[in-house]
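Following: one structure in structure tokens, then a few remarks.
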């Protein structure tokens, strides 16, 4: 055995001492340099591994079946590599199989590459998911959730593409037409007289205006009568009594800007986009990286019919909840039932969220929104919060007193000390500077509270 050298395996029968042969199953294209070696060395190596001792019994061990059925079994059981080569021989009563892998087909290389890429992607996604911050935007309808989300796009430099700008343009035109139609209807129901003669024809024309699929030429045709109506004292008086009916807060902004909106080259500005109103239906997500951490904002509709969809977003991946309240709506009722106070509705929803065991350990950030509109109402001598909340003890025309009253009303719903701390901010969602300052504070709070979970250094 000591003098036997295995230099090349071919399909030819190769004679070795003791009439043992190497046969079958080995192709001619095997590189002789790759497979060069001494059979004695291979067998001695195996004896060392299994703890066998050399001796007469070992010396008589047969080496027949050097290429045996073991190769075929291995080929059938696990090998999909058509160019793999197997060399098997018997030593110490055991079958030793050597697998020599010479090359792979292009298909196999492509499969292995794809598999590695998938593994890398999954690992990266797993790492990103662990690090992401997921924020739920909750609150009653028209509380400013979608406006806050628009601000996140603007603040973080995510541009509105052309198709989206066209969509906002159409929504803005609809806001103007429907807003004027609501004011015309309210003027009649409230028995408010026209401020000047000759407005009946303009009113008639406005009521017949089509809101859907408005383009610039059509809106330019509608703009003159709408502008004349908005200048009428009767329509202005109806708008001042808007708490008595349902109308969007932004109608006055667009009616004041109607001449600019009715130009041939009109493109919505950021301010226009922030003021336009379209009810959110379903669930909408927006992701932006903040300090290399993915912040995922989830916006869901706040109307009663949409709140059943909130539960889809309640899972263990939620980092914080931002709850928005329209603080100026203490004198308004819901559009859904025309009797429930809007501020009370928001407080009841907040109560449900804060005391829900699902959110134990999750920070809750309360945005008392629409501070600008609250200031207008509080400073108006014709409005008094005590008409709606008789137990209010402060100055009804002090913005600070009214804000503190509303804040305590919401903070008082917390029934368990085990609930996470509630943070609060007074906000104006249409004010980019205000939201930027507030979000920086919120961001720092969230990152600090979740330092370990986010694996930051």
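Quick reminder: no glycine exception, Cβ is built from N, Cα and C everywhere.
Of all ranges given (134-147, 148-161, 162-175), Swiss-Prot attaches the label region 'G1 motif' to 134-147. The feature region 'G3 motif', as given by Swiss-Prot for the ranges 255-264, 285-294, 295-304, sits at 295-304. Range annotated as region 'G2 motif' by Swiss-Prot, chosen from 236-244, 245-253, 272-280, 308-316: 272-280. The region 'G4 motif' annotation in Swiss-Prot falls on one of the ranges 357-364, 365-372, 373-380, 381-388, namely 365-372. Just so you know, of the binding-site residues 143, 146, the Cβ with the fewest other Cβ atoms around it within 10 Å is the one at 146. Helix, strand and coil counts from DSSP across the region 'G2 motif' (272-280) read 4 helix, 0 strand, 5 coil.
Put simply, residue 280 (Mg(2+) binding site) is 11 Å from residue 143 (GTP binding site) when counted between their Cα atoms. The binding-site residues under consideration are 274, 278, 280, 300, 429. Their Cβ neighbour counts within 10 Å are lowest for 278.
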